[in-house]
Amino acid sequence: MFKINPIFKKTKYITINTSKDNNINKENIPNIPEGMWVKCDRCGKTLYKKDLDENLKVCKFCNKHYRMNAWERIDLIVDTGTFREFGENITSKNPLDFSGYEDKLKGIKEKTKLKEGVITGKGKIYGKNVVIAVMDSRFMMGSMGSAVGEKITRAVEKATEERLPIIIFTTSGGARMQESMFSLMQMAKTSAAIARHNEAGLLYIPVLTDPTTGGVIASFAMLGDIILSEPGTLIGFAGRRVIEQTIKQKLPDDFQSAEFLLEHGFLDKIVNRNELKKVLYKILELH
């Protein structure tokens, strides 16, 4: 077959004029503030940040529940003007003189305006008195150290003493490694307090939010009378890869999701954020 000499072939490219457009300058570029738009990491839709916040940080296209901080949750659940915080002066120390821990705590406190990774107090839900504890993932990923364990324990004990139900919103990466055994012993301490609350015939409702893992899920987070969760919450003890390497098996794609746990009987109900207050009130009323 006759072949064309390569020198006669057309080059496969086009010439682009790289000269600057004199009409383009900084005045022509729209000034869009940073953070005004958010791309949903589940469905890929672009969301107006203000609309996302007004929709309780839930994507209107795919129902992805983004994380809320502790005060946002309190404002969402507790009747306006009824919340009274207690235990606010309980803060973490550095019992093991862990290098850099004190500086890290100081920086996080300044950044988040929180004293610890959980806020505890009393309030009302549609007029029903309740003790509430809300963990905050912004504070060292909600890790449970001695101060977090102490605040939760005191909240449960106060609920027991005053014969009130307690609701705990969990979010945590697990035990706080900088406190080692002081952190791990909080698992037993919080669990014992909840056992005494249960023996008194009182109601405990944990609400699992993304993520709830490690020592928290292995202790008070799964000891509720009725266990609720938000959609899509990551729930588990060890990490996915650690488990797969240990058992030498491939895990399901939805493993450690709230939906997977509900299907296998570890949760009682998955509740959308905009329905959560009504569902909690209904449970309180039935009890």
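Glycine too: its Cβ is placed from the backbone N, Cα and C atoms.
Per Swiss-Prot, the range carrying the annotation zinc finger out of 40-62, 63-85, 155-177 is 40-62. Here the zinc finger (40-62) is broken down by DSSP into helix, strand and coil counts: 6 helix, 4 strand, 13 coil. Remark: Cys40 (Zn(2+) binding site) has Thr46, Leu47, Cys59, Phe61, Cys62, Lys64 as non-local neighbours, by Cβ distance under 8 Å and separation of at least 6 in sequence. Within the same chain, residues at least 6 positions away in sequence whose Cβ sits under 8 Å from that of Cys43 (Zn(2+) binding site) are Cys59, Phe61, Cys62, Lys64.
Each of the binding-site residues Cys59, Cys62 was scored by the number of other CB atoms within 10 A of its CB, and the lowest score belongs to Cys62.
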